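Annotated features in TrEMBL:
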{"type": "BINDING", "residues": "Asn65, Val66, Gly67, Lys68, Ser69, Thr70, Val265", "note": "ATP binding site"}
{"type": "DOMAIN", "residues": "56-316", "note": "domain 'OBG-type G'"}
{"type": "DOMAIN", "residues": "338-421", "note": "domain 'TGS'"}
Amino acid sequence: MARAACSSVVTALSLLPSKSHHLLRNQFSFSGKSNKFVGVLTLEKRCFSSTVSMSLKAGIVGLPNVGKSTLFNAVVENGKAQAANFPFCTIEPNVGIVAVPDSRLQVLSKLTNSQKVVPASIEFVDIAGLVKGASQGEGLGNKFLSHIREVDSILQVVRCFEDNDIVHVNGKVDPTSDIDVINLELIFCDLDQIGKRLDRLNKGKPKDSQSKVKEEAEKSALQRIQEALLDGKPARSVALNDLEKDAVKHLCLLTMKPMIYVANVAETDLADPDKNSFVQQVKALSLDLQSGHVVVSAQVESELTELPLDERTEYLNSLGVSESGLGNLIRATYSLLGLQTYFTSGEKETRAWTIHAGMTAPQAAGVIHSDFEKGFIRAETVAYEDFVSAGSLAAARDKGLLRSEGKEYIVKEGDVMLFRFNV
């Protein structure tokens, strides 16, 4: 059935530095290898706003008894444990902010003798009430809408394990049916919203010629999206020009949000999930629906929370995997949204920042503070590997590894950057 996917924006914390230049590194590459993440949606290039935040919000949805809340609770606890210096918080019982794991932070911190390390963060929201008939008031009805409309991406947990002690809401384990139920509810919600919006557009009169052009673009886009939804296709599947995208953006359509299917397997299937026929269904559907998918075990994630940190890697290795589900979920989310990370690193702190892939050096600098972008002069840049091998920025400069980049430079993964600006 339909799946949700679209361009989305991520936001970042602002940090006003005490000096007129800062050491910045752009790097997005997680440590460890994952054989669980498959399927990445490539997002189109577009103009970026540099008013982004470190915090990314992902909503976790799924039918009852698929392991959704178990996964949420375990991922939040694991994230908390992995960041001793990170100001973890649980905003509400169903919302938790965790650190994005990245070993390169520790490498930079040691090289620059930083007093503290501040990772990027991701906010997970356990969204309840999304069951068959939710759009007509079943379960918690439309109460889930206010939560799901606010997230940057949707993680749909799909049950891919048999367990006679855990009754499936529909009587049997059927990933295809489960995915159809969730996606249809999202489609129904979008159809309802689009119908109401088209009624208002048809009844109203534009204030001026500029408003008329925008309203006509919105009406045209919504009519085509409506047709796609009626065919069981997501809003994201409809080709829109820039004007039409901007015109419908305010509706925050659910099927315009990026979707990642999370195949929840038993512990015994984690090392070789392709042998699980349910996982094969999820994989095929995600590819057909142009979505990302990842395999995790909520059971294993829950067991990890009960182990000391130094024993968790050994436990994962004994299962034939090298990384927890938290790392897999975050990597899948970053990839789907077209995001990457750069870092500031100095004696005071080493900090990770999230940006859109394709941002220019001034835009990346603007994530820290708008003054960095407004007064951008140049960015002294060195590849992360060269920075680490040199041991310091000064040593990299002496070896001729440091280069000066201007306003048109597209920040690459692995860049270590020293921004020069004047305001």
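Note: Cβ is positioned from N, Cα and C throughout, glycine not excepted.
Heads up, TrEMBL stuff is auto-annotated, nobody curated it.
Positions of TrEMBL features highlighted on the structure.
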residue : record           : Cβ within 10 Å
Asn65   : ATP binding site : 15
Val66   : ATP binding site : 26
Gly67   : ATP binding site : 25
Lys68   : ATP binding site : 25
Ser69   : ATP binding site : 17
Thr70   : ATP binding site : 17
Val265  : ATP binding site : 27
Local confidence of the prediction over the domain 'OBG-type G' (56-316), expressed as mean pLDDT: 85
Maximum Cα-Cα separation in Å among residues Asn65, Val66, Gly67, Lys68, Ser69, Thr70, Val265, which the record lists as binding ATP: 15
Helix, strand and coil residues within the domain 'TGS' (338-421) as assigned by DSSP: 24 helix, 34 strand, 26 coil
